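Enquirer: What follows is a structure written as structure tokens; I'll ask about it next.
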Amino acid sequence: MNEKELKEMIAGILTEMVADNQAVSTATVTAEEKPVTTHVTETTEIEEGLIPDITEVDLRKQLLLKNAVDPEALLKMKAFSPARLGVGRAGTRYMTSSTLRFRADHAAAQDAVFSDVSEDLVKEMNFISTKTICNSKDEYLTRPDYGRQFDEENSEIIRKNTTPKAKIQMVVGDGLSSAAIEANIKEVLPAIKQGLNMYNLDFDNVVFVKYCRVPAMDKIGEITDADVVCLLVGERPGLVTAESMSAYIAYKPTVGMPEARRTVISNIHKGGTPAVEAGAYIAEIIKKMLDKKKSGIDLKEAE
């Protein structure tokens, strides 16, 4: 059913409702009252427009408790957390607005997981496009081990398009949130480059990995023999945000190394650590790793 047919159906239903009401009424409709029926019919036309996006509303500034004892104190408390605090109830049920927002945020999280990073973005950023041995998103989700491995073809693409034994190798992976990459990568990469330039450091070609798990950076480290590998990857989305990105950084990563050798900077998004601020901090961490020749817990202990 198209939009025109839907409008005609609604108009017909409303017209029948008006006719039924007139039949039940015992009052005689006079000539002066006839325009009322015309008026009702005219208002049945559906207006064109866009429904506001409820996900754009800042939950920290939204007051849903109509009879709050101290509204100002409630808003002050909500300002410190994006959690759903003071959502209000209608009897034993959530308010309609709270329920719709919950469903919208859940849908956004699902979209972030099951969608792919735009190929146009990969081309625009001049990334070296590669993929792990996963053949589909379903396989990526059900076989995490496949998201850590590259076939010979993609290994060769990485080998030919990166600088051997570079000080820094940057990697971007879709991870569990393509939305996180699309929302943050254009800001965080220039910030990292600018921060590194202050230490007379830089990086060359950036590798993009489709169907990427964090340990994929270990294989890239072995292929390139880079001193430091930094992976920017989409975090598992939740109801607070679907655009959160993390940076996993390691000194001389190798396949099968302990997770404790990674340094992680998480919660990179507009509602957490801003991308520009995170970029500057990532550059600082990379410089420390190159100086100390350590990462993860070892770097922490060496500071």
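In case you wondered, yes, glycine gets a Cβ from its N, Cα and C as well.
According to Swiss-Prot, the record shows the following:
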- Val214, Glu235: adenosylcob(III)alamin binding site (BINDING)
Enquirer: Using DSSP and collapsing to three states, where does Glu235 (adenosylcob(III)alamin binding site) fall: helix, strand or coil?
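Expert: Once the DSSP labels are grouped into three classes, Glu235 (adenosylcob(III)alamin binding site) ends up as coil.
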Enquirer: With Cβ-Cβ distance below 8 Å and at least 6 positions apart along the chain, what are the contacts of Val214 (adenosylcob(III)alamin binding site)? List them in sequence order.
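Expert: Listed in sequence order, they are Gly173, Gly175, Leu231, Val233, Tyr248, Arg262.
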Enquirer: So for Glu235 (adenosylcob(III)alamin binding site), how many other CB atoms are inside 10 Å of its CB?
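Expert: Total other Cβ atoms inside 10 Å, all chains included: 21.
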